[in-house]
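What TrEMBL says about this one:
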SIGNAL    1-22  signal peptide
DOMAIN    23-94  domain 'CDCP1 first CUB'
DOMAIN    102-207  domain 'CDCP1 second and fifth CUB'
DOMAIN    215-313  domain 'CDCP1 third and sixth CUB'
DOMAIN    415-495  domain 'CDCP1 second and fifth CUB'
DOMAIN    519-633  domain 'CDCP1 third and sixth CUB'
TRANSMEM  642-667  transmembrane segment
REGION    783-826  region 'Disordered'
Amino acid sequence: MAGWFPLLVGLLLSVVLNISESQTVSLTLDQGARVTISRQGPTGPGCTVCVTEGSKRRCSMEAIINGTNRISVEFTCPQPHKFFTVDINRKIVCKGTSCSGDIIQSEPSQFQNFNRTFTWDLEPERPRSFRLSFTGVGLRQVLPSETCPGLHTYTIVTNQSTGTTAIGTFCPRGTISSILALSQSQVVLQVPGGRSLDPATFKVSVGPEIKTLALVKVVLPSGSSATKFFSPNYPVSFPDDDLMTWDFEVPSLHNYTVRFLNYTEPQCIKKDVSVEYHRTGNIFIGKTLRDPQPANRQGNFSLTLRNCEMDTKVKPGLTLNFQVSVVMQAICAVDLQKEEGVVLSIAKKDPSSHCRMKKDSVVQETIKIASGNIYNLSFPGCVSEELILTMHKTIECQQLTKCLGSSVPLSAPALPPCLPTPLRSITWHLRPPQHGTVELLQPTGNLRQLVGEQPCNASFSLTVREENGDTVGTYCPVGPIQKIQIHYNVSVIATPTSSNDLSKASKPFLSVSFNKEISERYIFSVVPRKGVPVLLATPSWPVGMNAYSTVSWIVQVPPAYRANLLFLDVNQPKCSSRHTVMKVQTLGSREEMFSRREDENAAVELSVPETFYLNMSSCVPEEGAFSVLSQITLQENTRRNLGIILGTVIGVVLLVLLILTVVCVVIRKKKAQAPANVSIYNPNGVSFVPGHYPFPKSRADNESHIYASIEDTMVYGHLLQGSDEPSPVTDLEGRPQVDIYRSFTGPTEAPPPLLPHIRKQEKLPEIGAPEVDVYRPFIHPSESALPMQHKPLTPEEHMVENEVYSPGSNGVPSPHSLTPGADSKQ
């Protein structure tokens, strides 16, 4: 990375050196960087450092340079490296999930003669920690007084509320892979003058929440080794009432032992000093400094040093120097008594390797152990990378009636962790009966065929091979292939896609069952997903199918979808016997939708509307081989959708028309059933519609129906009409009587005109002289008009039917003489 200290110190330097009586350096600092040039001892006369920024010039024994402007630094002596040191500081802030930079070691060669100190200030965001990763380099903890072989010494310091604590002093190339710290910290690198800076990068990232001062992660090497560690501030006391953790990763086939080389105990006021061990499986062991520490143990572990609340007046406090050593295990016991049909093989990748493998104390170049026994193995001088471990298992069905319908999981056996290398390959040999078929299913999902250089994103891949070694195909978990049926003996091989150990798999790779014989050699059941292209290759692709072999794919197409079948790569041989055939036939149909031989031009693309068979068969090739690569894509059936949309629109329109028709018919029917209003002739010249009309003023609103007195003649006047005595026309006082019925004796008018329906039936008589005193019957309204709709009578209308106004026995209204009350007198 170009520049004087990019990303690390953020300095972009342009250096101009004029070596005579003085030296001048021009530099530009990046944001957040600071350079301190200071005197390290007595200087000669006139040896100062001058800083020129713009038009200002300052000379002194020390210069602190920051900012982003271009600055000129001049040393007023010919050899300033003998008198000055350079301290370059950079700040890295961690917020959220990221940090503002990494620790990158880089510098220009012009400063190699100066004693340099590089400082990185690290600020985590509480309660999260920051992580320093030394991947590829590693650090080794040493005493503060020690000198590192490469003259590069690192010191990591953390700032707490109680003061500054040194986590430790370190040299490059060691077993420490990372350090996590909780508080604001500093990483200090000291390089002496005349030593060039080693290029290195320490990754700075946000770590998890931790409960300790710091967490040191250690990866112990394989073989025999012993590594020393020191408590913080060593040889000064560990901080009061604090704790520190070391996390150790122990290689397999190794035993570890912890020894306390030197320690001092404090005078505790509260609590006690303790050493806590945590092992895999949450196993906890608590010890004191005086107890025997773990020895000849296996597996990863962590060590936590917990201090008490000390009496700080009593020295020296808590200090600890301990050592962790590892040695390779002597014997590894492998128990295969509960396994059936299993054979384990351990071989050396390089036969010339000095690794020695022993089975039951007998040296062997290749170790093979079978089911039913316990074996004692040892591997002195062997490392994991030199060995390869494989497993073979045979699953056989001799009688179909005994194993028909039963399913057997293809899983890895439980192997001891003491084996020197992970399980790299598992092969299951599947042998059906004479007239049987092998069925392969993925218990947690379907399979996807890998074609060409397609990657498999899962932790393993599966290869299916025939007994003669021909590859049927390679498959990856999660895909469209639901089931594979094969008519002959096959092998299924599981291989990891990375450095995974197959013996750690928690779920079966496949499940196998044996079923009745099938007509084809291979049958694949395919369930594609919408819009996801599916690649299907013939067995042994791209080499070609065996002679006379047949293969079928049953492709399920759901309703309202269609399958686009595309033949991407078709290789036809020259046949000496029979023909190659490619056929497409929908499920349940006897007619073939598509059929081609090797001597016919095949269509490149087909559209299949429903579930179908894709059948292919090979001939006896004279030249070349038969292989086909197909692609199936499931899409929505747009024509069917268009028909559904049109049908829906037409149905809605018809429904609206039907509703409108029903509404119109109902309205017309109601109009036809409604009674017609009929006008009645009024001889006074006013026509009216029959019906009950209330009084314009209710009797409840006036007292016209109340009388002060009623004369006897009004009540009993109808009894006098039977006598021969004529009714008087005046009362006793000689005034004319009122409210008495008298027959009309005056001239009458011409009769009213006949109603329309009577005019059509009868011929009107000629009008002559008017007839006087001639009775004409009254035509009842019911005979000349439609019946009226009945309305309930109001209280006022009910009065016309009471006893006072009722007709007499002879049908003539009674001539009542009424004397009005208060209303009539007004």
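Every residue, even glycine, has its Cβ placed from backbone N, Cα and C.
As the structure is a computational prediction, the values presented were derived from the model and not from experiment.
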- request: Could you give the residue numbers and ranges of same-chain residues that sit at least 6 residues beyond the transmembrane segment (642-667) on either side and whose C-beta is under 8 angstroms from one of its C-beta atoms?
  value: none
- request: Average the per-residue pLDDT over the domain 'CDCP1 third and sixth CUB' (215-313) and send me the rounded value.
  value: 88
- request: Summarise the domain 'CDCP1 second and fifth CUB' (415-495) by DSSP state, stating how many residues are helix, strand and coil.
  value: 0 helix, 44 strand, 37 coil
Query: DSSP helix, strand and coil counts for the domain 'CDCP1 third and sixth CUB' (215-313)?
result: 0 helix, 52 strand, 47 coil
- request: Sort the residues of the domain 'CDCP1 third and sixth CUB' (519-633) into helix, strand and coil with DSSP and give the three counts.
  value: 0 helix, 62 strand, 53 coil
